[in-house]
């Protein structure tokens with residue numbers, strides 16, 4: 001312990017003061033020295049008591065801090081990972097406490113909601129009175145489930161209609177599989193769709209076959225006139241100026257027209273049957289040949305085509321063949337209005353060198369030596385006609401020149 005300097009004896013090295021004897025100190029006052037000594041001793045004792053008090057208090061504080069740190073470390077380990085990822089870097093103690101508080105609040109809200117639902121269900125079951133909305137929802141769910149089940153049963157039966165060894169266990173297995181697919185999140189069908197019938201599955205192949213009978217990819221229908229004109233203009237399909245493609249106005253006109261047309265015999269034909277001429281687009285343009293290079297065998301049409309032509313048989317829905325004006329002499333052009341009005345309802349048939357049967361048939365009743373002028377408008381010839389010997393185009397032109405001109409003012 002620290003000693004007070006006044007209480008210590010003087011050092012031995014210092015010599016005693018001369019002339020100081022105990023008798024001389026009797027008259028001196030040492031009261032101030034006693035007071036100082038007493039006060040110092042009291043201060044020392046108070047400091048010792050404080051040190052003895054701080055020592056256990058520090059230990060207690062250290063233990064308390066250790067417990068707090070341990071609890072914060074455990075909270076950090078118990079926090080969910082998604083909350084830990086919201087912060088970057090090291091999680092401080094304050095951040096851990098904030099995240100813990102947030103997580104506890106979320107759990108408390110969830111528990112409160114579940115508790116409210118449980119109370120509502122218990123009150124509803126006790127009262128035994130369900131609201132009308134819940135009843136309607138239950139009925140809709142039942143109806144949708146029943147329709148889905150019936151649809152699956154019909155589809156399964158239609159698919160396995162021909163199988164004789166169909167068992168109920170197979171149907172039940174199929175329904176269980178469908179239910180599992182729906183529960184797993186598969187796309188459920190709309191309950192408003194009507195249940196398919198077995199006839200629908202039978203009609204599908206026929207409809208597919210009908211769809212495949214349409215025109216090909218590269219086929220474009222040629223635009224034709226569907227009615228015969230009473231004027232002297234050339235009717236039919238104009239292949240010199242027609243490109244095979246119609247504009248918007250022509251498309252709208254075709255949509256407005258009636259889809260059915262009546263023939264002379266009363267039979268109705270659709271637009272697809274009337275337009276039988278198809279122009280096919282090829283990659284390379286065909287080589288053009290002059291009319292003088294065409295032989296009898298290489299004519300534009302064969303005898304089978306002539307038999308099925310509208311001139312030789314009653315086929316009003318087939319496209320007519322037209323005769324260009326430059327092949328008819330001027331004297332014969334006067335007969336075009338009469339022929340177009342009375343003799344044939346459509347355009348004049350074509351006359352070329354390769355058409356042996358048509359040229360012979362036309363010359364047989366247009367020759368004035370055999371048939372008179374009033375008989376130039378006969379009825380339609382039956383198909384097919386007997387084959388006549390071929391004649392030259394010059395002979396045909398001479399026969400046309402010999403026909404006497406008719407009066408254009410004659411009534412039909």
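Just so you know, glycine gets a Cβ as well, placed from its N, Cα and C.
Positions annotated as SUMO2 cross-link by Swiss-Prot, on the basis of similarity to another entry: 167, 279, 288. Taken from Swiss-Prot, the feature SUMO1 cross-link covers 279. Look at Swiss-Prot and you will find 52-107 tagged as domain 'bHLH', backed by sequence analysis. Taken from Swiss-Prot, the feature domain 'Orange' applies to 142-175, supported by sequence analysis. Sequence annotations record features per position, and here Swiss-Prot assigns phosphoserine to 235, 383 based on similarity to another entry. The region 'Disordered' feature in Swiss-Prot is assigned to 1-21, 182-256, 279-298.
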Note to self: Restricting to the domain 'bHLH' (52-107), what is the model's mean pLDDT?
What the structure shows: 89
Next item on the list: Using DSSP, tally how many residues of the domain 'bHLH' (52-107) sit in helix, strand and coil.
Entry: 46 helix, 0 strand, 10 coil
Next item on the list: Note down the number of other Cβ atoms within 10 Å of the Cβ of residue 167 (SUMO2 cross-link), including every protein chain shown.
Entry: 9
